[in-house]
Structure formats: structure tokens, C-alpha cells
Amino acid sequence: MTLDVATVDMTARIGSLTLPNPLMTASGCAAAGRELHQFFDVGELGAVVTKSVMTAPRSGRDTPRMAETDSGMLNSIGLQGPGIDAFVEKDLAWLREVGARAVVSIAGSSVQEFRDLAARLADEPGVAAIEVNISCPNVANRGLVFACEPTSAASVVAAVRAVLPPTIPLLAKLSPDVTDIVEIAAACVSAGADGLTMINTLLGISIDVDRMRPRLAGLTGGLSGPAVRPVAVRCIWQVQAAMLAGRLPTVPIVGVGGVRTGLDALELVLAGACAVQVGTVAFHDPSAPLRVRDELAKAVQERGFSSFMDAVGHAHRVLATAEGTR
Amino acid sequence: MTLDVATVDMTARIGSLTLPNPLMTASGCAAAGRELHQFFDVGELGAVVTKSVMTAPRSGRDTPRMAETDSGMLNSIGLQGPGIDAFVEKDLAWLREVGARAVVSIAGSSVQEFRDLAARLADEPGVAAIEVNISCPNVANRGLVFACEPTSAASVVAAVRAVLPPTIPLLAKLSPDVTDIVEIAAACVSAGADGLTMINTLLGISIDVDRMRPRLAGLTGGLSGPAVRPVAVRCIWQVQAAMLAGRLPTVPIVGVGGVRTGLDALELVLAGACAVQVGTVAFHDPSAPLRVRDELAKAVQERGFSSFMDAVGHAHRVLATAEGTR
Amino acid sequence: MSVPSSRRPGGPVQVAGRIISVRRVGAYQHLTILAPGVAETARPGQFVALAVGGERTGMLLRRSFSIHKVTPTGVYGGTVDVVVADAGRGTHWLTTRGVGEPVDVVGPLGRAFPLPKTPEACVLVGGGYGTAPLFWLADVLRERGCRVDIILGAASEDRLFGVLEARRSSTTSTVTTDDGSAGTKGRVTNVLGEVIDRADASVVYACGPMAMLRAVTDVATAHGAVAQVAVEESMACGIGICMTCVMPVEGPDGQTRMLRSCVEGPVFRGDTVRWESWQDGIGRVPDDCVGAAAMRSH
Amino acid sequence: MSVPSSRRPGGPVQVAGRIISVRRVGAYQHLTILAPGVAETARPGQFVALAVGGERTGMLLRRSFSIHKVTPTGVYGGTVDVVVADAGRGTHWLTTRGVGEPVDVVGPLGRAFPLPKTPEACVLVGGGYGTAPLFWLADVLRERGCRVDIILGAASEDRLFGVLEARRSSTTSTVTTDDGSAGTKGRVTNVLGEVIDRADASVVYACGPMAMLRAVTDVATAHGAVAQVAVEESMACGIGICMTCVMPVEGPDGQTRMLRSCVEGPVFRGDTVRWESWQDGIGRVPDDCVGAAAMRSH
Ligand SMILES: Cc1cc2nc3c(=O)[nH]c(=O)nc-3n(C[C@H](O)[C@H](O)[C@H](O)COP(=O)(O)OP(=O)(O)OC[C@H]3O[C@@H](n4cnc5c(N)ncnc54)[C@H](O)[C@@H]3O)c2cc1C
Ligand SMILES: Cc1cc2nc3c(=O)[nH]c(=O)nc-3n(C[C@H](O)[C@H](O)[C@H](O)COP(=O)(O)OP(=O)(O)OC[C@H]3O[C@@H](n4cnc5c(N)ncnc54)[C@H](O)[C@@H]3O)c2cc1C
Ligand SMILES: Cc1cc2nc3c(=O)[nH]c(=O)nc-3n(C[C@H](O)[C@H](O)[C@H](O)COP(=O)(O)O)c2cc1C
Ligand SMILES: Cc1cc2nc3c(=O)[nH]c(=O)nc-3n(C[C@H](O)[C@H](O)[C@H](O)COP(=O)(O)O)c2cc1C
Ligand code: FES
Ligand code: FES
């Protein structure tokens, strides 16, 4: 059965949040949606995840800030942005105006900064959810990245959860650069995360063999793109499996990492993701988020699911059945 | 200046071991050299690193054992092999016969097994070095991978070092799937590692969207190939930088991960590797290890180095000079 | 152009090939590739591993194809023919190449079909593109005085390959399709027993999907013939260095080992293959396999 | 073929283009690409971002090229011309494409050269393939009654582009090469002051390498002209969503900000660019840049 337009129910539920479909942009790969709106109506997406915003305006890092690698890229933007006030006034207002659902990503260099940012957003209309980008250095802890340490990660989540109304779900975005992602996931969920976004970029370096120095001015960068999809699928799988095994409470997972097509998105969904973000691939194909939505809908329908949510985590059930009948 | 044949001194020194050139096969990507010997004389390589061998013969895992991913692949072989006795009798003997330098990779599910394997090899002629593959589950510690925990990693290294003669260097092969690779590297060096091999594969999963189950029979697999090169370069860089900063004693680094060309190899060398292994790419191009050797020699010479060893870690010096003059 | 030769006599070489002819044949693309050094030593049942995707591709692994035929002495050197089904991204790339385009070739790879030492009656069975290597085999067998009967099967008519070639190279040729769109409706194994008996065949050569090879082996054995089957396992390297392509095969010592189908195969005696190991696309290591015990510890 | 149009009037579209002509010009490949929807609204100074490597490529990012010219009303729709130097793996792929091959196009992107409201004398300066967008600009300027003088510079003769076109589209045209293989030996800036003075020019438009743009800005300013320069920064997206292509530019409020050269450029007033920020290939964020203080905490 090949379909031009899928009619399957694509409603995605992330805790208390209901979205018309599971497709989102990825933080830092869509700015605040305005530029992509030239190519498609961003209101048609499940949500627009905005670039991680901090309190003050930030210039970002020195350039070059990017290096292309095999099936991927490194970036070292340094969270360039206008600061929370300008963000709320201009970007959030614009998203509201065009009828887009905004998942606002926040970043801080201290627990206090995360809390303040969340408090500032708590009463703003049009915030569908908050995503905390904990892949930033914790100034109080020798610059160690929050996401790499369960107690640091948990303290951010708890602080943010405390100032947000219950109507706004909190997603904790995890880094794959850890020995045990389930441990970090469990710490975030215990601290009150309503969902988990996986994965942020992997730490990488690329060297310019002509200039014989690192390509990125900032030395290290985040690796993203199709190259990392197997790592994203693995992280989602491990956390979903741990939830199924009762090792941590079940919360929704938002998948991100190397999605180029609807079938790539389906990989993440079958592993356990109930929403999917498209990041780097939007640089190559600006209409990718919407294209992937349609391709995913078709793929879900062709596989005989009556609704998108039925496909979430389905590979775990297939595997359990196969092992059971062995 | 473009050269057909480079005349630069390519001698590579890994502690007490001197090799005619820095190119090696990667463990598990060349069996014991016999098959590649149909395409080129494996004696021309710096060394042949053999597939990790365990005590008993092993059937390996169920199939499928591989899945192609973007610019990479996943494998889940399960260390299929003949066991140490057959290895010594047939494979090691053959390598000796054809005049190849053998770096023997060993794997164990307990510290005891590692020690016994090393003891068995200690008096065998033709062992240029031992590489301990500590990316295997430690049966005594809930199956936790040795390489993911500094004390487990160190106990393997110490046990192996204790039974090897000082003439045989010991390389500890590290996994990138850890929060802090410098910590593991430091533990291995303190325990007596003469060198570090970086990196082993990254843990990944790929899902078959038609069968809606993981592609690999063994569920997870190791991600390798050009997709992971930025992670390899980053690990090598971090450990080399830590050595330069005196955070751990300086030992040689053997680089591996996604090398396809001589310029890729040069990236690893500039980051700090004094030898380079070619793994997955040999599946695509069986003569890759030798081709990369020649391309690397040319690249080193074209950049005006008088010997290969002068290029090792050179990007750290370039960066330090640049920062100094800023 | 000098002809590259393997460092092992008769062994594989790697060569920068070039497509010199492409033809559509039913559902397949038939390619002739100039690949000096490969054709010269190849024998029926061997295969080539082709690089796909061009420079800077994200597809890292070669794809394997049975050699359909070889012409060792073309004007520019030897050529190799392969028959390719568009089955995925790599074969899609191959089936959309034009004449003159470069294709990197490694081959000949694997063990060829073992040939009978004396003239025997042989039945050749192919499923889908699995028939590709059989006509060359038929020619070699007939040169040795063997009687050759061929059975071609496929899901539907467009997936049959070589119906005319089969007629030319055999005493009898039989066609089956699952949907009855050509020949007898049904499977090759529906007619195989009869063909073996009629020809009084002692060897059955087969190439095609796993399930077919298993069924062919059963029928051949039941009818007193030895089955020699060419299998198709997922291969990362094709040359014996990666251990991905293994399958459980019983040795002369009665022990089952996980053998590499790229170098110890792709041709195996059907009755040595532990067919029951495959279920739902997973190939289980049999419990009694050499080295299976060691896997239980981790 | 229906013409795609941007959801923002005059904004970019993404279109499956096709190469309809390729020509070698010195060291460059001149491509004409059928790309309906792009040509119609493009203006001189804008660029297109082309996908490279084909399906399943490992090269994820588009490559940017100045639009050399457009033909909005071809037989099959609008076409866009670009001039490509083989500078690396992606441009190598592009320069080896043949007629009829598909190329995915996003464009027109970026801000065009601002045009004077009244007829003014303008000097156009191009370095290497940086001359590509200038002839179209010259035509547009002359339509508005402007005097146009052109200076073309390059390392050597084969790296000059458009010497004849320059002569046709200008009052005077001057050629310089670093090695003296054509025209005056030296840099474009060796002759620029004189050309500005002779034409009494009030605007200098320039496109070329960073170092040249800086020098052009200095000379233009010294000779009382405003420099409008089209820069070339490494771009991951080309459409304003990634923040990789930024550079320090002073705003009307005297504050320096890291602006995206893909959407707020590629054309900037030369005297607003903080040229001193680049050293050894690294673009430093100036200490007085908006948001630089916040970077010091981490
Ligand atoms: C010895 C041998 C001989 C073969 N002969 C022929 C032939 O003559 N004609 C023909 O059309 N095909 C033949 N095949 C199958 C052919 O190799 C696969 O169809 C092809 O590899 C699929 O690649 P893809 O990129 O299109 O599919 P993808 O699914 O994108 O491939 C992904 C990966 O899986 C592997 N793979 C997928 N399917 C198969 C398969 N069926 N067998 C082995 N590996 C697979 C690929 O090699 C690749 O590494 C043969 C395979 C083997 C092992
Ligand atoms: C606005 C703009 C207009 C341009 N116009 C032209 C033109 O008309 N003709 C022309 O030949 N070239 C032009 N360039 C430069 C062209 O984009 C680069 O030469 C090209 O991107 C290099 O790609 P590559 O794959 O060959 O090199 P690689 O070095 O393999 O590229 C790796 C990555 O770095 C980026 N990159 C490398 N060099 C440059 C560069 N000089 N500028 C920007 N990105 C770079 C690539 O886009 C790619 O993402 C322009 C660039 C920009 C930003
Ligand atoms: C240029 C760039 C900027 C990014 N900025 C952010 C960011 O500000 N906050 C964040 O949480 N993730 C950021 N990311 C990570 C992405 O949101 C995403 O997690 C990652 O890139 C993996 O997905 P992908 O492979 O689809 O890009 C950024 C990624 C890129 C490529
Ligand atoms: C099929 C396969 C088998 C491997 N087996 C081993 C092994 O037995 N021991 C080991 O230390 N590493 C093994 N590796 C890891 C490689 O040696 C290497 O560290 C890794 O693949 C990264 O390098 P590459 O990208 O060049 O392949 C294996 C890799 C592959 C692809
Ligand atoms: S395919 Fe690698 S061993 Fe057979
Ligand atoms: S290139 Fe992405 S913002 Fe300019």
C-alpha cells in the first residue's frame, strides 16, 4: 500500500501536552522559526523548539564555528542569542502570532540562572513546554557540564520544575557523552522532569590538515547529523528499556539525532520516542521538518498502526515477542 | 610540492618498540592478516593488530552481525575466534613466518582471564606488543564494561603488566563511551600501560523499519567508520592535552577511528597519535592500510617535517603559539 | 592497461573498473564491467564486491554480486557481468549507472561450485537473480560431458532471469512462478524431485534465497542427490576479515562451526548447513556449535 | 513545471534544479542551472546554496555561490548561472557534473548590493571568481544611468573571470594579476584609488577574498567613496538558522554585533565591518561586541 496523503491519527502526547503531530525542530537548528517560515508554515509542525536562550545577550564564540565531517558536522556556536528579554518580546511573540507551539529551550551557567529563566517564562502565554539544555558548563562545578553528572542535572531540573506551573511540561535534554545515560535520565525524572529529550551533540574535534590546527576556533564542537543517529537510537532504546523494566518511572521521550527522512524518524519512534526533532538536516533541506512529518505519517500508516502513538516503542514489543517464542 | 614517493623518515616509536612506519590494522578488522596478505605484504605495515583473542574458542553472536549506517557501520561479532592456543599455533606462527610485526589483542571476561592470556603470550616469539581490549563486560562486576570504570580498567592493566616481560609494551585500548576519558587513561597509565589505543567503537543501535526490530541480532553494536572520526580525534586530543599539562604521565597514543585517507591519519597524528590503525575502511578497500601509509608519508613530507615523529601532536604546538601571540 | 594479479595465485584483486554495457532485463539491470584481473581466474559460483555511491559517499560497505559470466580477453582486458536487482540504496545506485562510469571491483571472491570429476547428470536451480551464475556453470559442466537440467523460479515473470539462456544451456529447462505469470505455478521445489528423477541426477546446484536453498537441499537429499548451494549472507567485507557473514555449517568431523560464507562459502554442501538455525531473519548459533559454550559466560 | 514561490515575497525557495549547460572558463566551471522560482526575484549580490554529492552522500552541507546572472524566462523556466572554482570535495563534485544532471537549489539568498537612488559613478572590483556577480550588477547600474568602471584581479591569468564581459559592461576596465601574467602586475588596490578618482566615483562594489575586501574598503574610504562588499564566510545553512556565518559589524548605533552574513549579508558596507577581528583564519569576537561580556563567564 503506497499512499500520497496519510490519514492516520498523528496526534502526539507528551505528558499533559497534546500536539497535532510529533515533528519538531531541534534547538539551535531553527533559530526561532522565522527563517523556516519562508519555506513552510511553522504552525503546521508539532512544535518549534527555539535556540537555547540565556539571561544576557551573547555574542557566541569566535569563528570558524563549523566543520563538515562525514555524514555530520561539528558546531561551536556558544549559544549566541539576544538574551531572555529580547527573546520573549520578539521571538516568542512572533511564534504566538503565527500560531506556532513553542517549546522554549533554556540554558544557564548556574542552577540559579536556569531557575530565573524558567520563572521569567512561567507566565508568558504561548509556552507549550520548556526544554532545559543541561549540556552547558556548570560554572560552580569546575565548568563540568550539568548533563554529565546526575546530581548537577537533577538540581537544574528540580529548580526549574519548582517555578513552572504544572501546565507547562519540562523536558530535560540529555547528553550522550556519559558512561551511563540511564543514570542521568533517572536522576532527571526523580527531580521532576516530565519528559526527556535525547540526544544533544557528541563532543568532537576536527583538525585542518593544511593549517595544522583545529578547524573550529573554539577547538571542540558538537557532532550532529546522520552520523550520530545510531547513538541517538541507542540512548532512546536504553532509557525506554529501563522504563519498561521499572528501573525508572515512565516519562515521554523526545527523540533527536540525525533524522533525515520519515524512516529515520520511525527508527527513533520504534525505539521509544513519542516526538521527533529534526536538527542539522534542516540546514541541508529547509523544509525537512515538514517533509519528515509527512513521510513519517505515511510510514506509520503503511505499517498498519491505527495511530502514531501505537508505534511508539513498538520495537521493544516485537523483540519481546520474538524472544518469548524462541 | 607533490611527490610520488615520499622519502621522509617514517619510523614510529611506541615506547621501547620501534616500527618502520606508524600504520597498523585495527583489531577485528584484519583477522590475523592472512586475507589482506592477498592484496599486499602485511610485513610492510608497521604492525598487524590481531582480532581480540580469548581463552576458549568462541562462536560469536547470532546473525545479522552488521548494519550499515551513514558513513559508518555497527558490528556485533561477539569476539568470534579460535581461542588462544589455536591462535598461537596458527595465526601468530603465520605472522612470524611472513615477517610481520604482531600486536596481539587480548580480551577477557575477568582480570584472571586477561592475566592468563598475557602469561601464555609472554614467552612467545614474535609478539611486538600486547593490546588489551578492555571494552568487554566484566563478569565479576554486573557485566559492566572494564573500560567504563577506572578501577576495573586499571586492574586489568596491572594484572597483564605484571606477567609481561618489560620488552613487550602493553597498550590499553579505551572506549569513547565514558564521561571522562582522561580519567580512564590516567588510571591505565598509573597501572602500568605503556601506551593507549583510542578509540574503540561507540555503542549504537539501528532499527529495521520494515521488520520493526533492531537490525542486529545482538541488539546493540559498535559504531565505527568515518562517522566517528571527530570523536576519535577529540579523545586523542584530550588525553594528549592532559599529558602536556602534566595531568598524567606521557605515554604514546595509538590512534584509531574512521581513518580513510592519509590526511585522515594525519588528523589523528596532529592530535597526538604516534601510530594509526585502519579498521572499517579496510572492508571497503582491502589495501587501505598500505595506501594510507603512503599517503601519510607524502602528507608529512609535503608539510616540511623532517621525520614522522616531528608531526606527532603538532597541532597542540600550533595552537599554543597562536594563543601565545594573540 | 596492465592486468593486476593477486598475490595469491587465483586470489582476488582490487581494480578500478568501468561499466561498458548496461541492459534492462525484466526487473534487473545487467551490467558488463571492464575489470582486468578479475575475469582471468574466476570460476562459476564466485562473486565480486562492488563499491557503491561514488566519492565521499555515506555508504561505506561494498555490495556483493554473483558473477554471471566473464570474458577474460576483451579488447581492453577482461570483463565481468553481473545481474543486479534494485533492492536498496546501494543497488539503486548501481542500477542507475550509465556506460563509462567507474565502479571499483574486488574479486573474484569465495569458493566456486565444486565440479564433478566424472560426467554426471546435474540439475541447476535458481531463484530470481540467483539464476545469474548458473548458465556459465552449465557451460562448464557440459564441457565436462555432464547432462544439465535447469529450473528457474521467481515470484513473477519479471523476476525471472535467463529463460532463453536456460533453454540454450540445458537438456530441459523448467520455469516456475509463485503467481503463475509464467511456467508452472508454484515453487521450484514442486518440480525439482521429478527433474532429478527424470535425469537421474546426482548433483543439484542451487542459488537463491535462503528458504529456497533449504527446500532444495531437502528435496535433493530425498531424491538421492547432493545439493551444492550458494548462499547470500549480509557481508561487510567479502574477503574474510570481519566475521559478519558467518553461518553454522557441520564439518567432516561432525562438529558445527560458524563459517565465513564469503571465504568458506558462498557455496556449501546443502546437507552440511544447519538450516534450522534461521528463524524470523535471525541466524541463531546452535547450542552444539564449537565455541557456543564460551558465549554463555558473556 | 509550476514555478515555486517563497512564502515571503521575494524570499528564497527550494527547487529541484537541473544543469542545462556547462562551460570551462579558465580555472572555473560555469554552470547554467534550470531553477524556476529562483531567477524571478533574484538581484545582484544574492547567492544560491547548492546541495552537493548526490543521494546518500556523506557531505551534509550545501555550498554557496554568488549568482552570476539569471534568465527568468527561459523555455522551461528561469535559469541561474554560477561560476565555480574547484576548491574542495564539494566544489569538485559540482565541477564534474554534466548537462542534464539534477542539482538541488535554495535561493535567492542574502541581501543584494544596495543600488544608488540617483545616477552615481560606481567602481566594481572583483577578485578571482568574485567578479562573477559584478557584470549583472553593472548592467543594472547602467540601466539607472550610473557610470561603471570595473577592476578585475586574480593570482594569475587563468583565475581571472569575465575579462571580455567587463569590457562590454563598463566605461573602463582594468585587469591586475599578482604574477603579472595578464594586465598590471599587482593587486586591485594598486589601481583602485586612481580609478575612483578618474571616475569621481562615490560607491565601490567589491566581491572577493576577505583580505581584498578589507583593502578595498580602506582605499575607497581614503578616496571618499563608500565600499559595499560581498563577503564569503563559512556557512552551514545559508538561510539564517545556524549562526555559523557570523561576523562583527558595527550598527548605526555604534554597537558591534555578530551578524549572520547569510541573511544580514553577504553585502555589508565595508566601513561597518570590524576587519581587524580576523587573524590567521580565526575571526575573534571583539571585546566591545554586544554579548561578548556574557561569554567570559563560560
Ligand atoms: C555472495 C552474494 C551474491 C549475491 N549476488 C547477487 C546478485 O547476483 N544479484 C543481486 O541483485 N544481488 C545479489 N546479492 C545480494 C546483494 O548483495 C544485496 O541485494 C545488496 O547488498 C543490497 O544492497 P543495498 O544497498 O541495495 O541494500 P541495503 O539494504 O541498503 O544494504 C545495506 C547493507 O546490507 C547488506 N545487504 C542487504 N541485503 C543483502 C542481501 N540480500 N545479501 C547480502 N547483503 C545484503 C548490503 O550489502 C549493505 O551492506 C548477493 C549477495 C551475496 C552475499
Ligand atoms: C556568499 C558566498 C558566495 C560564494 N560564491 C562563490 C562563487 O561564486 N564561486 C565559487 O567558486 N565559490 C564561491 N563561494 C565559496 C564556496 O562556497 C566554497 O568554495 C565552497 O563552499 C567550498 O566547498 P568545498 O566542498 O569545495 O570545500 P570544503 O573545504 O570541502 O568544504 C567544507 C565546508 O566548508 C565550507 N567552505 C569551505 N570553503 C569555503 C569558503 N571559501 N566559503 C564558504 N564556505 C566554505 C563548505 O561550504 C563546506 O561546508 C562563495 C561562498 C559564499 C559564502
Ligand atoms: C548549529 C547547531 C546548534 C545547536 N544549538 C543547540 C542549542 O542551542 N541547544 C540545544 O539544546 N541543542 C543545540 N544543538 C543540538 C541539536 O538540537 C540536536 O540535539 C543535535 O544536533 C542532534 O540532532 P541532529 O543530528 O538532528 O542535528 C545544536 C546543534 C547544531 C548543529
Ligand atoms: C567488525 C569489527 C570488529 C571489531 N573487533 C574488535 C576486536 O575484536 N577488538 C578490538 O579491540 N576492537 C575491535 N573493533 C574496533 C576496531 O578495532 C576500531 O577500534 C574501531 O572500529 C574504530 O576504528 P575504525 O573506524 O577505523 O573501524 C572491531 C571493529 C569492527 C568494525
Ligand atoms: S564478509 Fe567479512 S568475513 Fe565474510
Ligand atoms: S549560514 Fe546559517 S545562519 Fe548563516
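Placed from the backbone N, Cα and C atoms, the Cβ positions cover glycine too.
Any TrEMBL annotation is an automated prediction that lacks curation.
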So TrEMBL lists A:SER27, A:LYS51, A:SER52, A:ASN133, A:LYS173, A:GLY225, A:GLY257, A:GLY258, A:GLY279, A:THR280 for FMN; which of A:ILE84, A:ILE199 goes with them? A:ILE199
Name the one residue among A:SER27, A:GLY225, A:GLY258, A:THR280 whose Cα is closest in three-dimensional space to that of A:CYS136 (active site, nucleophile); these are the binding-site residues. A:SER27
Measure from the Cα of A:SER52 (FMN binding site) to the Cα of every one of the binding-site residues A:SER76, A:ASN133, A:THR201, then give the nearest. A:ASN133
Within 8 Å of the Cβ centre of A:LYS51, A:ASN75, A:SER76, A:ILE77, A:GLY78, A:LEU79, A:ASN133, A:ASN200, A:THR201, which other residues of the chain have their Cβ, at the recorded substrate site? A:GLY28, A:SER52, A:SER135, A:GLY222
Check the DSSP secondary structure of A:ASN133 (substrate binding site), expressed as helix, strand or coil. strand
Least Cβ-packed of the binding-site residues A:SER27, A:SER52, A:ASN133, A:THR201, A:THR280 (other Cβ atoms within 10 Å) is A:SER52
Fill in the CA-CA distance, A:ASN133 (substrate binding site) to A:LYS173 (FMN binding site), as an integer in Å. 5
Compare the C-alpha of A:GLY78 (substrate binding site) with the C-alpha of each of the binding-site residues A:GLY225, A:GLY258, A:THR280, and give the closest one. A:THR280
Relative to the Cα of A:SER27 (FMN binding site), which of the binding-site residues A:LYS51, A:SER76, A:THR201 have a Cα no more than 10 Å away? A:LYS51
Sorry to bug you, but what's the C-alpha spacing from A:THR201 (substrate binding site) to A:LYS173 (FMN binding site), rounded to the closest Å? 11
Mind looking up the mean pLDDT for the domain 'Dihydroorotate dehydrogenase catalytic' (A:14-298) in the predicted model? 97
